[in-house]
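To start, the structure under review is shown below, and the notes come after it.
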Amino acid sequence: MQSLRSNSVVIKLLTYSNELSEGKPLYVSSNCLPVKALNREPAGHSFHSAALKLRGCAKKVVEDKEDTSDSPKKLANNDVEDIPSYETYKNSSSNKGKKKKNKSGKEVKEQHDHYALLGLGSLRYLATEDQIRKSYRDAALKHHPDKLAAALLLTEESEEAKEAKKEAIESHFKLIQEAYEVLMDKTKRRIFDSTDEFDDEVPSECAPKDFFKVFGPAFKRNARWSVNTRVPDLGDENTPVKEGDSYYNFWYAFKSWREFPEEEEHDLEEAESREEKRWMERENARKTQKARKEEYARIRTLVDNAYKKDPRIVKRKEEEKAKKQAKKDEKVMAKKKLEEEAAAAIEEERRRKEEEAKLAAEAAQQQKKNKEKEKKLRSKERSRLRTLSAPVLSQRLLGISVAYVEDLCMSLNTEQLRKLCDKMENKEGMKLAKVLKNGNNDGTESEEEEVVEAKQNGHVEANGFATQSPRAAAMV
């Protein structure tokens, strides 16, 4: 960059667009020698604007490009697009001296907008150190008092006005330097960013379809306070639930670097003694700690509200609720089935017992009937025996008595009585008495007696031939 010195005033050479003066070199002059401005670095917006106004060559914004016959006076009255002067940045600090109140109601002096002073108003806390350095160099180049001196001489006529303008220029340049110092210091910048304008509103209600539109920007706003710069994204309705869980886990463990200097009620520099200073420090720390707790409570409220309204979480909760209900219903059905099976088993056991009892009753009834029948048959056979024994008892054969007959009636069962009576049938006299006498035997002795009697009567079988005894033969 070249410069010419005349009367202790530095005039920087300018480069103009080819649209001006039909692309020909443009000569401008102030209170110094004429300067040919061509292919040179601009000296600043203020000098540039003032020089164009004086020459009547300000860039006119008109729809009809063919109409170029207007005079400089007419151009001045029309809409003119001038490059902004230092006053544009001066206005950014127009709130100087105004007061704002903190949460405790104490008035706090509002700071200048350091980002706007460096032209980083759109980036603010996102601006990097390299961007801050570059913006500071550009702002210092544009608003350096030495560069704006020529504009001061051209635009102001009175000495008082020039002095006031000079002080304003110097004050604005000091603000730029202060902004650079604050933003390049990590601690001061963190404090300034903490006091920067911020929307603390926490959304609470929204329609399910508007969840990501409402809570997404809220989380992005508050992500600026995160100590961990790698903040996950909320996602959308298609984001997996696991990522959503990780997102909410991050926010539930959220750590903030936000400071609350406006909550410090006491200025340590105003302390009159060491004890008072320590007391002020304790009070400020207590207020700051309270503000931090309120900040974490606000973040927690935001996360809780989002977790309750997140359609992904709501859907998962409904599915889990449905699964739990299904398991519960399954358990109820299984329990009901077991109860039904137990009831069926009890009923079956009851029926079995009833059937057994019925069969037992029928068997007992049948047994009773059989006993009665047996009793009747025995009584009949006893009567039959007594009847058949009557001739023997009347003749007193073989010493058979009534007691003997009754003893047989009581000792023999029905079948034995029947067999005995059958043997006694068609017998008389001694044969009948002998059968009755052998009534307790099974019939073997009677047969042997019959054989002995047959021998005595002479009926002997020898070698297959029947012979008669001598007695029998004599009788014959």
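Just so you know, glycine gets a Cβ as well, placed from its N, Cα and C.
As the structure is a computational prediction, the values presented were derived from the model and not from experiment.
The stretch that TrEMBL tags with region 'Disordered', taken from the ranges 176-205, 356-385, is 356-385. Residues 409, 413-414, 417-418, 421 of the same chain lie 6+ residues outside the compositional bias 'Basic and acidic residues' (369-384) yet bring a C-beta within less than 8 angstroms of a C-beta in it. On the 0 to 100 pLDDT scale, the model's mean across the domain 'J' (113-196) is 85. Break the domain 'J' (113-196) down by DSSP state and the numbers are 69 helix, 0 strand, 15 coil.
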